[in-house]
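Q: Provided herewith is a single structure, encoded as structure tokens, for subsequent inquiry.
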Amino acid sequence: MRDPHPASPTFFPEDILARKPVLNQSGSPEFVFRVFTNVPEFQALLFTLFLLLYLMILCGNTAIIWVVCTHSSLHTPMYFFLGSLSLLEICYTTDVVPLMLSNIFGAQKPISLASCGTQMFFFVTLGSTDCFLLAVMAYDRYVAICHPLHYSLIMTRNLCIQMVLGSLGLALFLSLQLTALIFTLPFCGHHREINHFLCDVPPVLRLACADIHVHQAVLYVVGILVLTVPFLLICISYVFIASTILHMRSAEGRQRAFSTCSSHLTVVLLQYGCCSLVYLRPRSSTSEDEDRQIALVYTFVTPLLNPLIYTLRNKDVKGALRNFIVNKAV
């Protein structure tokens, strides 16, 4: 006969441990970043390279901020915007690089949904502010070259502060809307591997297991507002600047005006060119690996070149740095 009261099944610790991953899979989703390489020698090389680049970015941009703040001859709107840009570059790279360095060695380290959303929010905010600020700097050059007699009346200290805060406020608003919209989506898979080294918008969108046409349209609109509109304003400014420079009688004046604008134009082309390739290309023509390679340019190359370009091509900054080095040597 069968026992009418069968014994209750016995669970061992091994059974409980074996069941835990099943319970965790239904919890809060986590992401992991795709590794650059699994070869230990290459991992060490990449870590050293990225760390050196990061330290150079910190030192170069900090030097720009220090020179602008401590030398009264540089207390002008142009250098106020340059110092603000350097501060942005420091914050921008700090949002990305430390986490990227921690994921180069060893096994893939998970990042929570909240942490991923936080990184994306600050990344989009700082990157957008960077683009808006470059447009503000173009307007400053337009006023300085096309309306030099009214420059001090137009570009007041209050207006400069309002322009920087306005750029940051608009970027915060757009970033908050975009990040909140993306992280209302459900995400598929157990590992949820992001084919990137940061929680950027396009690779995270690819992991969603829902219709993302609306989200892609919103991303495209934000890309136009952050990239296309400021770039058009910069182009319009430089059309007037070029016209004014060509009508200058003094060759020295033309050379000086061209020198102050060429540094800004170089940074603009690098920043807007790389970002447009990632955010404004049709999704059908994009590659995840290409996006990651381009992202390395505006994460490392542009913030590193900013202080180099403005220092090497700007006599005022070079003179202030030279005086500091001479005074320290004496």
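For all residues, glycine too, the Cβ spot is worked out from N, Cα and C.
Curation does not apply to TrEMBL; its annotations are automatic.
Model, not experiment: these values are computed from the prediction.
What TrEMBL shows for this protein is this:
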{"type": "DOMAIN", "residues": "60-310", "note": "domain 'G-protein coupled receptors family 1 profile'"}
{"type": "TRANSMEM", "residues": "44-67", "note": "transmembrane segment"}
{"type": "TRANSMEM", "residues": "79-101", "note": "transmembrane segment"}
{"type": "TRANSMEM", "residues": "121-139", "note": "transmembrane segment"}
{"type": "TRANSMEM", "residues": "159-183", "note": "transmembrane segment"}
{"type": "TRANSMEM", "residues": "217-241", "note": "transmembrane segment"}
{"type": "TRANSMEM", "residues": "262-281", "note": "transmembrane segment"}
{"type": "TRANSMEM", "residues": "293-312", "note": "transmembrane segment"}
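Any idea what these are sitting next to in the structure?
A: Note on the domain 'G-protein coupled receptors family 1 profile' (60-310): mean pLDDT across this stretch is 88.
Residues 127-128, 131-132, 134-135, 138-139, 141-142, 145-146, 171, 174, 177-178, 181, 201-202, 205, 257, 261, 265, 268, 272, 275-276, 279-280 of the same chain lie 6+ residues outside the transmembrane segment (217-241) yet bring a C-beta within less than 8 angstroms of a C-beta in it.
Sequence-distant contacts of the transmembrane segment (293-312) (same chain, six or more residues past either end, CB-CB distance under 8 Å): 50, 53-54, 56-57, 60-61, 63-64, 82, 85-86, 89-90, 92-93, 96-97, 127, 196-198, 200, 263, 266-267, 270-271, 274-275, 277-278, 318, 321.
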